[in-house]
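Asks: My structure is below; once you've seen it, I'll send some questions.
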Amino acid sequence: MLPRGASSMPPPPNSAPYSPPPRVTLPSGLEILRTFSGAVIFLEILFGTIVWILVASTGVPLPLLQGWVMFVAVTAWFLSIVFLSVFLFGYANRVAVNWNQADFIFHGATFVFYFGAFLLQAGTTSLHHFPRKFNSTTQESILSGREYNISIAASV
């Protein structure tokens, strides 16, 4: 006979090893634009577009340096649009991903790539006064005055 209040059923399993599925704490739809993350994504799209236009308008005199800047600007612009679309169209509610962590990683990676692109663009701008020799008698600077001003704006 079992003592009063005891049961022959085993105790329930410990729920500590099981974790609940990740929750989306970022809103879906147009409400994402009212959050800090949505504002940062919107600014990434806006400034990425501006950098893309400014660097392309310089004629890319140093393709090795400015090619990476263009790659970062275009890729980050495209991925920002995709990431924003995930929340705007409600796909974040359908995919079981920790969206808070994904958002943090996305913005961190974008920052690292944009900072590297900034350093390369600033390096290109600083080469303004270096002469470029076409032949033994003709020299001109790497960036014209107009390209120099545009390069400064793209760096900022």
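In case you wondered, yes, glycine gets a Cβ from its N, Cα and C as well.
Grabbed the feature section from TrEMBL, which reads as follows:
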REGION    1-20  region 'Disordered'
COMPBIAS  9-20  compositional bias 'Pro residues'
DOMAIN    32-156  domain 'MARVEL'
TRANSMEM  36-56  transmembrane segment
TRANSMEM  68-92  transmembrane segment
TRANSMEM  104-123  transmembrane segment
Asks: Which residues of the same chain, at least 6 past either end of the transmembrane segment (104-123), have a Cβ under 8 Å from a Cβ in it?
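Replies: Sequence-distant neighbours of the transmembrane segment (104-123): 37, 40, 44, 51, 55, 65-66, 68-69, 72-73, 75-76, 79-80, 83, 151, 154-155.
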Asks: Same chain, outside the transmembrane segment (36-56) by at least 6, Cβ under 8 Å from its Cβ: which residues?
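Replies: Those are 26, 66, 69-70, 73-74, 76-77, 80-81, 83-84, 87, 103, 107, 110, 117, 121, 150-151, 153-154, in sequence order.
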Asks: Provide the three-state DSSP residue tally for the domain 'MARVEL' (32-156): helix first, then strand, then coil.
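Replies: Helix/strand/coil tally for the domain 'MARVEL' (32-156): 96 helix, 6 strand, 23 coil.
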Asks: Looking only at the domain 'MARVEL' (32-156), what is the mean pLDDT?
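Replies: Taking every residue of the domain 'MARVEL' (32-156) together, the mean pLDDT is 83.
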